Every structure is written in C-alpha cells, then in structure tokens.
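J.: These came from TrEMBL, pasted as-is:
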- 6-24: transmembrane segment (TRANSMEM)
- 69-88: transmembrane segment (TRANSMEM)
- 108-133: transmembrane segment (TRANSMEM)
- 145-164: transmembrane segment (TRANSMEM)
- 170-192: transmembrane segment (TRANSMEM)
- 204-228: transmembrane segment (TRANSMEM)
- 240-259: transmembrane segment (TRANSMEM)
Amino acid sequence: MGWAAAFYVTGSVSLIWCLMWFSAMHSKPAHHPRISREELQYIENAIRSSGTSSKGPPRIPWKNIATSLPVWAIIICDIGNSWGISLLNTQLPTFMKNILGFNITMNSYLSALPFLSRYLGGITISVLSSWILKHGYLSIINTRRVFSAISQLVPAVMLVGLIHTGCNSVAIVAIICIAFFFNGAVSSGHVINHHDISPNFSGTLFGINNTFFNIVSFTAPVVTGVLIDGQQTLDQWRKAFWICVPMYVVGELFFLFFLSGTVQPWNSSEPEAPALTPLTTTVDTSEIIQNKHDDPSNKL
C-alpha cells in the first residue's frame, strides 16, 4: 500500500477504538453492568458532594464562565501552548528536510521522536504531580503553578537555545525533544485546572478551551508558511521560532497571576441542600445535630 498504509492503519485503529468505547460506555454509573457496589457508591457520593443535582445536569452558567478570570487564565495559557506545539507539529518535518537536510526516512523517525518524548514526559510528570499532591507537599494551586511553568517556560528557553544553535542537527533534535518532554507537564498544569475550578462544568470548559486551541492550531502554521514561503533559510525559521517564545511566556505569566485552585461559586448553578449551607447563630443547635445525622452525605 505504500504511503497510504499510514492512513489505513491509523484509521482502522481509531475505528476499533470507537467500537470498544461505544460498547463500554454508559449514560449513568448505575447502568454499567460490571461496576462494583463500592465504586458506584464512591462516584455517587462524589457527584453529590460536588453540588450536582440528582434531577439532571445543572444549567450552564455561560455569563459566569465568560467573565471568570481563572477560566481565561487557562485559555490564554493554552493559546500560547497551542502556538508552539502546532508550529512544531506541522512544520518540523519541513524544517528537518530543508534546513537540516534529512532524507525522508530519517525525517520520519526524527519527526516522531519529540512526540514520543512528550508522551513519556506527560506520564512521568503526571505521576510526580499526583505523588506531590497525595503527600501534601504542595497545594493544588501551587502544583498547577509549578507544572504549568515547567510546561511553558522550559520550551521557551529551549527554543531560544535552538535559535542560537545554527545547523547542528544533533543539538537541534535534542533541544526539541527536551522541550517536548517538559511540555508534557501540561497534563499536570493548566490543562487539568478545569476540573479544579469547576468539576461540574469541566467538560464544557475544556470544549471552550479546545475551540481556541484549534483556532490557533491552524493560524500558527499559516503565519509560519507566510514567513518561510520561498525563503527556506535558517534566518527565516528563526523568526518563526522567535514568535513562539513570547507566546509561551506571556500566556504562562497570565496563568500564574490569575489561576485558581478552588471550586468557583458558579460550579453549582442550583441552591445547595439546607444541610450543606453555611450555618448562622440563629439556627437551633439540636436541629443542626439532627440534620447532620440524617444527611446521607455525612456517611462514609
């Protein structure tokens, strides 16, 4: 099949995965035939404690989301991340061919290497992040700060190094792999922050964020193409790489200033149950004690 095999194989794998996903997924945890009683109880308690109504999904607070600085902090940070990733994702093979002089076989291997590095970095750093949170070495907000800074600022520094490396192919490939490895920390930085600030609407927030991500994903290659069109020189490529540096840095600084590690008030669009509302001095003490005993959410 030649070059077409890459599309047939990946397309077939995606189709198989979809079929497996359709057969394994269910509308509600209680509908899953293989869920254990303990797991079901854990999920239902988590949903109840997060403020989700049992009557159905809560109304999406669009206005609150649109005016939330923590939400925009994630979006703007991811715009910077998207610019760098998209440029390298789409233009790296062209750079390796025209500037570094790699043939198509070597180019295919080396173009895939940075993304393997990012995969390994994402797994390694996610484990480290979970370990830090589990042992209480850092709060949620500081954990997001640290790993988001790693994911954005290390690639920015690496790109500056790449710009001043010249045509040293070994050094350039190593620099790009290092940048991608540490960029894998996005999984423990701003990307997962959606769930920190709004567990109920994290899917909606991610969808909004991904819209901006994809807009930038096709904008960055177009801008790069304009810069290097008919001018496949190292100087022109340096200009393209220089654009990535402030995108990474500015996006990260905005995130560091305006992120949040706590659930936002608009996470629950419906009033909470009386037993979960703040208590005042006018409430009868015996009633409080009785409510706590009767409330199923107080049971382990």
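Cβ from N, Cα, C; glycine included.
Annotations in TrEMBL come from automatic prediction, not curation.
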J.: So what's near the transmembrane segment (69-88) in sequence-distant terms, Cβ-Cβ under 8 Å and 6+ beyond its ends?
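T.: Residues 114, 148, 151-152, 155-156, 159, 176, 180, 183, 186, 189-191, 193-194, 197, 205, 208-209, 212-214, 216-221, 224, 240-241, 243-244, 247-252, 254-255, 257-260, 264 contact the transmembrane segment (69-88) from elsewhere in the chain.
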J.: Can you see whether the transmembrane segment (145-164) and the transmembrane segment (240-259) are touching - at least 3 CB pairs under 8 angstroms, only pairs 6 or more apart in sequence?
T.: yes
J.: Counting only residues 6 or more past its boundaries, what in the same chain has a CB within less than 8 Å of a CB in the transmembrane segment (204-228)?
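T.: Residues packing against the transmembrane segment (204-228) from afar: 60, 65, 71, 74-75, 78-79, 82-83, 86-87, 90-91, 94, 194, 197-198, 236-237, 239-240, 243.
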